[in-house]
Amino acid sequence: MKSLMMQGVQILATGSAVPDSSLSNEEISQIVETSNNWIITRTGIEERRVLTGANKSIIDLAVLASLKALDKISMNASEIDLIILATSSPNDLFGSASQIQAQIKAYNAVAFDLTAACSGFVLAMITASQFLQTGTYKKVLVVGADVLSKWVDWSDRSTCILFGDGAGAMILQACVKLDNQILGFQLNTNGNYCNHLSLSYKEDSYSHSILNIYQGSFKYISMNGKDVYKFAVSQVPLSILKCLNSVNIAIDDIDWLLLHQANHRILKAVADKLSIDNKKIIMNVNKYGNTSAASIPLAFDEALKEGKILQNDLIVISGFGAGLTWGTILVHWKS
Ligand code: COA
């Protein structure tokens, strides 16, 4: 996929936030019939963070992650032109991004939500980069935030063990082409398999007596784990190869593999299929579980804090999940 690139895109800063409250596998095994050993062996997850308490939402985490990113570069929020919030668990179905805009006081920014589950951050980053490359906007805040603890069925052991809450933010800026950091991308959707992983609207069985209008509500994540696993392991490597081929970069040139943190077996299987050394995998799924749209910016932010990612490193970022959606971005790190 060729894009009209008049300008480059720079990553200026990242930030992340997770709730204070952690939930261990042992604690989950008191709620459903499971064990620490089963969860670790199948997923690599040891614990996850959950947003507890009343009236808390993705906004609390998203605002904190955004302020941390702004603080890192001492940027005034009024400089931001656009905010894109990737989330599947908004606190307002009409859109939650405007609440971030108001709370961080980014009053010059347009703000909207983007829903693509665990691929949300990848799609939001590429959407942001299109606005920057065409010269429409100069500075964009991209946020990935999800609180799937509010949407899992806590009596379903096949899904409730997987997810955690969190938020990650990234500030992108237009720059001269020479300084461009987003070297390429590759995106995909296959709606035929949307039922593999969904959080669907469920209609009540009765309608309004006069209007014949049926109403309902969204209810619980449902997942066909085996099919999602097969999809990720077969399709993500292909997306990565297509992305790298499009910009003539070889697998061996890659310094880091930053995949959506779904589970450690998927991350390792994708790396093995591409013959990428496991040491190059950025992984924090053990601490946070699958935080959906937050997982990539959260892992990116942590890897930067830990000093893993160095000047001139090439990072392959891939998101995958419900939709089904999946895609890859190639980043050239320049601090
Ligand atoms: N604890 C203990 N046993 C469990 C369990 C749990 N939390 N969840 C399921 N089981 C049981 C099942 O009931 C089944 O028992 P049975 O053989 O008596 O029927 C057995 O374990 C095997 O279940 P299965 O679903 O085949 O396990 P699996 O090896 O496929 O692992 C997942 C399940 C969910 C870990 C795995 O399919 C997976 O990782 N899929 C991808 C999910 C994902 O990442 N989704 C998000 C993508 S964005």
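From the backbone N, Cα and C atoms, a Cβ is placed for every residue, glycine too.
Worth saying up front: this structure is predicted, and the values here are computed from it rather than measured.
In TrEMBL this protein carries:
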ACT_SITE  CYS118  active site
ACT_SITE  HIS260  active site
ACT_SITE  ASN290  active site
DOMAIN    112-191  domain 'Beta-ketoacyl-[acyl-carrier-protein] synthase III N-terminal'
DOMAIN    246-333  domain 'Beta-ketoacyl-[acyl-carrier-protein] synthase III C-terminal'
REGION    261-265  region 'ACP-binding'
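Positions of TrEMBL features highlighted on the structure.
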residue : record      : DSSP class
CYS118  : active site : helix
HIS260  : active site : coil
ASN290  : active site : strand
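Outside the region 'ACP-binding' (261-265), and at least 6 residues removed from its termini, the chain residues within Cβ reach (under 8 Å) are 42-45, 118, 162, 229, 232, 283-286, 288-291, 295-296, 298-299, 320-321. The active-site residues considered are CYS118, HIS260, ASN290; of these, ASN290 has the fewest other C-beta atoms within 10 angstroms of its C-beta. Confidence for the domain 'Beta-ketoacyl-[acyl-carrier-protein] synthase III N-terminal' (112-191), expressed as mean pLDDT, is 97.
According to DSSP, the domain 'Beta-ketoacyl-[acyl-carrier-protein] synthase III N-terminal' (112-191) comprises 28 helix, 32 strand, 20 coil. Distance noted between the C-alpha atoms of HIS260 (active site) and CYS118 (active site) is 7 Å.
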